[in-house]
Amino acid sequence: MQAQDGIRYVLEKGDSCFTEYIGRNGGFQDIIIGSECAEEYVIAHETGHALGFWHTHQRPDREKHISINWRNVLEEATASFMPFRSMLQAFGIRQVSNRRSPYDYGSLMHYHAVAHAKMAFLDAKMINDMYCTHLCAGFPTLPCQAGGYLDPNNCHACRCPEGLGGLDCTQLQPSNCGGELVAGDQWATLRSPAGRDVHCYWRITAPFGSRIRFRLTDGEFPCSYGCQSYVEIKHKVDFRLTGFRSCCYRPKEDTVSEGPQILVIYHPNDRTARFTLRYIRQP
């Protein structure tokens, strides 16, 4: 049986890459891929539009998270930076849904994050909410923790935020290095292992009612658009959100977690990559 609707990728000469419209509209939708912009992250970004995503930085609550320097925005690109309410008025768009998810700087749909060809966890979750919830209808509901959700490809397991795993997202994601650490009353040090073929996940936990103060005291990564080699620290209570990634820039001040745990994710793609993290319990 031939599919009645879907996405078609149309290769053309030129520098234009765009989606015909936002979201499923019945029938096939073309994504035009110009030869001069046929990068993986661009194609993934336009696919997000075709599946129903608007830009994260156009959300109605964006002023709480970012500021736009309009002097640096080209006139022809103005529409891509207008907040949803302005889009409604200017273009007569009747309805826009942002599905009330937390603001994620690492979303595939956030400008200057689109160098990541991989969708963020919340991007994938929203797509599953829109298109795939029927696949697990009738299955027992698992108590997925940490914002995990039922895996549509395996309805007997949870799909977990990066760094977490196990049947219900209460364990660390399997990897070839990492582990469980405890933040105490004395400064402790976490140093990255040598080598580029490692993917590491650490969970640092403080006693209940405490938080964790931490600082990157050393770090060296090749500076690339989108941080392809990096250490990421999830320090918010909501582990679904992309943590801050350090590659070109290393904050020099201390950071305090929102809750009693942080996740440290290390993905080096270069033999010179390294980091040193100091941490202590914050009463």
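Glycine is treated like the rest: Cβ placed from N, Cα and C.
Heads up, TrEMBL stuff is auto-annotated, nobody curated it.
A quick note: this is a predicted structure, and the numbers were derived from the prediction, not measured.
Per TrEMBL, these features apply:
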- Glu46: active site (ACT_SITE)
- His45, His49, His55: Zn(2+) binding site (BINDING)
- 1-133: domain 'Peptidase M12A' (DOMAIN)
Worksheet item: Of all the recorded positions given, His45, Glu46, His49, which residue's CB has the most CB neighbours within 10 A?
Response: His45
Worksheet entry | For His55 (Zn(2+) binding site), nearby residues of its own chain (Cβ under 8 Å, 6 or more apart in sequence) | Ser80, Met109, His110, Tyr111
Practice prompt. May I ask you to report the DSSP-based helix, strand or coil state of His49 (Zn(2+) binding site)?
Written response: helix
